[in-house]
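Chemist: This is the structure I want to talk about, given as structure tokens.
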Amino acid sequence: MVALISKKRKLVADGVFYAELNEFFTRELAEEGYSGVEVRVTPTKTEVIIRATRTQDVLGENGRRINELTLLVQKRFKYAPGTIVLYAERVQDRGLSAVAQAESMKFKLLNGLAIRRAAYGVVRYVMESGAKGCEVVVSGKLRAARAKAMKFADGFLIHSGQPVNDFIDTATRHVLMRQGVLGIKVKIMRDPAKSRTGPKALPDAVTIIEPKEEEPILAPSVKDYRPAEETEAQAEPVEA
């Protein structure tokens, strides 16, 4: 017997499932450049698409790693064998993925690169990838004993309204350094004109169309805008 569930409970259950999956993959696939997950439910099975920069490492040798992840997810969420399938998909625009850049920044700092150099490297790479704007914020005990935040930004970036949801991609990561935990926040604004889905321009964008060139008027003239039939009927002489 199929258990009936209300719409509200279904939405909450789907949200919890997605959040748990995302957190699990964030921990497990950090080194593989994990940048998001998508869940597609079909009548026969549930498809989980893992987006990462290094898909070969996610798959593993002869698909061993992806099979291990499938078994873990299947056991945790009590799916029947064969009803949940995991796929790995390469991130198309790595420079426009905030999660991928936050992970990149994290590993740069762990490898001992200076904060300024790492942040400017990320900002430059994002802007070269065709972003409209980028902002990287690093906060924590950066040099002195007192915590502070450093902000690195370039281009055009909006901070409020519905366009933030449409065009801004945000990611937050934490990195454990010798002096303490540092917080990394990356915001990337995609070019609205290149957006595949949703609005193609900002709400306040105004496009000014250049007027067409008109022929110069050499002499005054009268243009008749009446229909041709009416003009012909008026032109015909009336017989007595």
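All positions are counted from 1 along the displayed chain.
For all residues, glycine too, the Cβ spot is worked out from N, Cα and C.
As annotated in Swiss-Prot:
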- 21-92: domain 'KH type-2' (DOMAIN)
- Thr44: phosphothreonine (MOD_RES)
- Thr70: phosphothreonine (MOD_RES)
- Ser97: phosphoserine (MOD_RES)
- Lys106: ubiquitin cross-link (CROSSLNK)
- Ser129: phosphoserine (MOD_RES)
- Lys132: ubiquitin cross-link (CROSSLNK)
- Lys141: ubiquitin cross-link (CROSSLNK)
- Arg146: omega-N-methylarginine (MOD_RES)
- Lys151: ubiquitin cross-link (CROSSLNK)
- Lys200: ubiquitin cross-link (CROSSLNK)
- Lys212: ubiquitin cross-link (CROSSLNK)
- 212-240: region 'Disordered' (REGION)
- Ser221: phosphoserine (MOD_RES)
- 230-240: compositional bias 'Acidic residues' (COMPBIAS)
- Thr231: phosphothreonine (MOD_RES)
Chemist: Using a 10 Å radius around each Cβ and counting other Cβ atoms from all shown chains, which of the recorded positions Lys106, Lys141, Arg146, Lys200, Lys212 yields the largest count?
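Modeler: Going through Lys106, Lys141, Arg146, Lys200, Lys212 one by one, the largest Cβ count within 10 Å is at Lys106.
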Chemist: Among the recorded sites Lys132, Lys151, which residue has the largest number of other Cβ atoms within 10 Å of its own Cβ?
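Modeler: Compared across Lys132, Lys151, the most Cβ atoms within 10 Å surround Lys132.
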Chemist: Run through the Cβ atoms and count how many others sit within 10 Å of the one on Ser129 (phosphoserine).
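Modeler: Here the count is 16.
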Chemist: Can you tell which of the modified residues (Thr70, Ser221) has the fewest other C-beta atoms within 10 angstroms of its C-beta?
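Modeler: It is Ser221 that, of the modified residues Thr70, Ser221, has the fewest other Cβ atoms within 10 Å.
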Chemist: Around Ser97 (phosphoserine), how many other CB atoms lie within 10 A of its CB?
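Modeler: The answer is 24.
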Chemist: DSSP-wise, what's the residue breakdown of the domain 'KH type-2' (21-92) into helix, strand and coil?
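Modeler: Breakdown, helix to coil: 29 helix, 22 strand, 21 coil.
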Chemist: When the Cα-Cα distance from the residue listed as 'omega-N-methylarginine' is computed for each of the recorded positions Ser97, Lys106, Ser129, Lys200, Ser221, which gives the smallest value?
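Modeler: Ranked by Cα distance from the residue listed as 'omega-N-methylarginine', first place goes to Lys106.
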